[in-house]
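Inspection log for the structure reproduced underneath, given as structure tokens.
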Amino acid sequence: MRPLAIIGPTGAGKSQLALDVAARLGARVSVEIVNADAMQLYRGMDIGTAKLPVSERRGIPHHQLDVLDVTETATVARYQRAAAADVEAIAARGAVPVVVGGSMLYVQSLLDDWSFPATDPSVRARWERRLAEVGVDRLHAELARRDPAAAAAILPTDARRTVRALEVVELTGQPFAASAPRIGAPRWDTVIVGLDCQTTILDERLARRTDLMFDQGLVEEVRTLLRNGLREGVTASRALGYAQVIAALDAGAGADMMRAAREQTYLGTRRYVRRQRSWFRRDHRVHWLDAGVASSPDRARLVDDAVRLWRHVT
């Protein structure tokens, strides 16, 4: 069975569409979902990543969820190996692998079989020293001067990936993305469906999503994760929402600080959505669908369109 990938910006409704597609196909063929959201790899990072609870997964197997402790570093290379093995095992069972997520490098590494350039410990160490000297903001600005495309795809708070990109640029003399294959036929003949909607609609969804996260207990979730080592996690501690709450807790956890953390999470998510759109819109293989539909008939047509594309796109 060839895979279906459902990609697009945060808040577009990718997880829900994947469940609906699985329900539509379920009478004839089984479906298993492979996560492509970097922060949903972490155990305990549930509310702030909008991870589907087990009770809402409709009995559909999900892979690449809750596979890392927050103290472990998430890497694209590790994800690529593990997720590719999942996709191939699912297909071998006669089921349809549905890849769902919006982490740009994770999606591309999986669907394009990205080859990762070698690392040089001495070069890496030099950039890490530079990071310690100037901080992640200035180092990210330096990356933007050397490789604007890489900087656009990497969060300004992501020190580890900023260092890695600068290392690759120095070692290869080429942009970070040059290590990725040119866009051609997607791996496994995957059909790629993109989900997006008007910015005003998505902004409203992101505002509701952010409020819901804080109302459902994001702050307490962060407190629990801090007791489990979140602060020591290189990647987990910098996730949107989590980094902002950590800063608010460090500043005294007052009501004003938490309101600011909520607002910063919302604004940071909007900025991230712009980067996601810029990245995914460059891929001519994506078949875009409108996620702004609200009525049940329109929702049914959206699911029909995704299934039709999977069945008939060549």
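Heads up, residue numbers simply count up from 1 along the chain you see.
Every residue, even glycine, has its Cβ placed from backbone N, Cα and C.
The ATP binding site annotation in TrEMBL covers GLY8, PRO9, THR10, GLY11, ALA12, GLY13, LYS14, SER15. Under the heading substrate binding site, TrEMBL lists THR10, GLY11, ALA12, GLY13, LYS14, SER15. Taken from TrEMBL, the feature site 'Interaction with substrate tRNA' covers SER103, ARG124.
Annotated features taken from TrEMBL, shown on the structure.
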residue	record	Cβ contacts under 8 Å, 6 or more apart
GLY8	ATP binding site	LYS14, GLY102, GLY194, LEU195, ASP196, GLN276, PHE280, ALA291
PRO9	ATP binding site	GLY102, ASP196, LEU202, VAL273, GLN276, ARG277, PHE280
THR10	ATP binding site	GLY102, LEU206, THR269, TYR272, VAL273, GLN276
GLY11	ATP binding site	LEU202, ARG205, LEU206, ARG209, THR269, VAL273
ALA12	ATP binding site	GLY102, LEU195, ASP196, CYS197, LEU202, ALA291
GLY13	ATP binding site	LEU195, ALA291
SER15	ATP binding site	ALA50, LEU52, VAL100
SER103	site 'Interaction with substrate tRNA'	ALA36, ASP37, ALA38, MET39
ARG124	site 'Interaction with substrate tRNA'	VAL163, ARG164, GLU167
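Around LYS14 (ATP binding site), taking its Cβ as the centre, 25 other Cβ atoms fall within 10 Å, counting all chains. Each of GLY102, LEU195, ASP196, ALA291 belongs to the same chain as GLY8, PRO9, THR10, GLY11, ALA12, GLY13, LYS14, SER15, is absent from that list, and has a C-beta within 8 angstroms of the C-beta centroid marking the ATP site.
In the three-state DSSP assignment, the secondary structure recorded for PRO9 (ATP binding site) is coil.
Within 8 A of the CB centroid of the substrate site residues THR10, GLY11, ALA12, GLY13, LYS14, SER15, the other residues of that chain are GLY8, PRO9, GLN16, GLY102, LEU195, ALA291.
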